[in-house]
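Participant: According to TrEMBL, the protein carries these features:
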{"type": "REPEAT", "residues": "194-228", "note": "repeat 'PPR'"}
{"type": "REPEAT", "residues": "229-263", "note": "repeat 'PPR'"}
{"type": "REPEAT", "residues": "299-333", "note": "repeat 'PPR'"}
{"type": "REPEAT", "residues": "334-368", "note": "repeat 'PPR'"}
{"type": "REPEAT", "residues": "369-403", "note": "repeat 'PPR'"}
{"type": "REPEAT", "residues": "404-438", "note": "repeat 'PPR'"}
């Protein structure tokens, strides 16, 4: 039975496996080129070509090219052997540059190779900006300025977002003089000094603790008519709080309010965020307590940051009590708030409160997802309430999002620890029905447990199932470069249908396996 099925795939996969050296792989990649439709891709710029290659083959090619750029010393020579000139366009270059974002000089060499070896390729602003980001991120400043000069020679403008990115990375490296020089020279690049650029300059000044310069820049910003936004206030408040200058941060917010520049969020929320960023958790907690006593509540994003920081320190009871207090004062939690508090309540065994919070989120219109109710399931298992856990899981499958692989893995592990091996094997089967491949250790736990409790027949079936699954995985992974999503999916579906036939005692009939995502021979 297995040989009939495996023969269909072994013929295709073993054929691909014969391409063991780079030259043969390049020859196989070359077959992609004839299926290119000229100039059909809206992503690409002038002079670039589109693609009608299947997505899986196209992205496999991008992945392979990216590996060459990152790891090959003689990348230009290796890329020339691939003969992929017909598919070198703006989209491919951009995707490779983004994939190699931590390799500055290598990305620059690839970009030059694409420009010099392929006359039909005309780079657009997207590729230039991605390359500038990579060079700034990796601190290759001299090469970065060469690229800027190339852009200027081609009359390609530099956007404020790219200038902001470069200034911020100058600040992170402590190169404040270079950041100031770039900020003052923006007129030469026809780039306006927007709020985003001012924020980047403020960030660079705060990184080197030059708060006087930052405050002077704020005054210049207002004098030039540029309106500060939330990020402007957050950068300065976070900088002052990180330096322990709480009073200066408060005075700054009060002064800006007197001048008519009120921040988009309340000043206290900015102070709480700044204290949390600086690591002053107790001060942030005290400020929130003071707010709630006065009848005010923090912003939901601020509360989420505070709750997460409190839970990391182990003060879970305080976090839950604080959540109840701010909700009574008028806080409207979002889904992230519910996730933080439900996880915290479940960890300390307050399952009833976790249940109440979960149902409150459902009443608020949130559909529970697996990571939201998984902590409650785990709390049930830890207390030995397996029947309650199974009932709750069945209820969540109807009311919430479909379970995912980590959730099923957790269920199998907890059932095995509690000696409920039959239920664990049922979850293995249920995972397969949902096209979720179980982990090897899940098979080990279930089969060992079934043998220990005397259920050898069921353990034998699970072991045979695992054997077939491993054989199929080995077959399809012989040539990972050409392993595609649709083939993996069809392999899983084929195997599951054959497993059902095997368990029912029926004789399998020959059928043709097709690479069709929408229809399958035994799905009807």
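Just so you know, glycine gets a Cβ as well, placed from its N, Cα and C.
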Participant: Would you mind giving the whole-number mean pLDDT across the repeat 'PPR' (334-368)?
Facilitator: 88
Participant: Could you tell me how many residues in the repeat 'PPR' (369-403) are helical, how many are strand and how many are coil under DSSP?
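Facilitator: Result for the repeat 'PPR' (369-403), in helix, strand, coil order: 27 helix, 0 strand, 8 coil.
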Participant: Other than its close neighbours in sequence, what residues sit by the repeat 'PPR' (229-263), given a CB gap under 8 Å and a spacing of at least six beyond its ends?
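Facilitator: Result: 195, 198-199, 202-203, 206, 209, 211, 214-215, 218, 221-222, 270-271, 273-275, 277-278, 280, 283.
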Participant: Summarise the repeat 'PPR' (334-368) by DSSP state, stating how many residues are helix, strand and coil.
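Facilitator: In the repeat 'PPR' (334-368), the DSSP-based counts are 26 helix, 0 strand, 9 coil.
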Participant: For the repeat 'PPR' (334-368), find every same-chain residue at least 6 residues outside the stretch whose CB is under 8 Å from a CB in it, and list them.
Facilitator: 300, 303-304, 307-308, 311, 316-317, 319-320, 323, 375-376, 378-380, 382-383, 396, 399-401
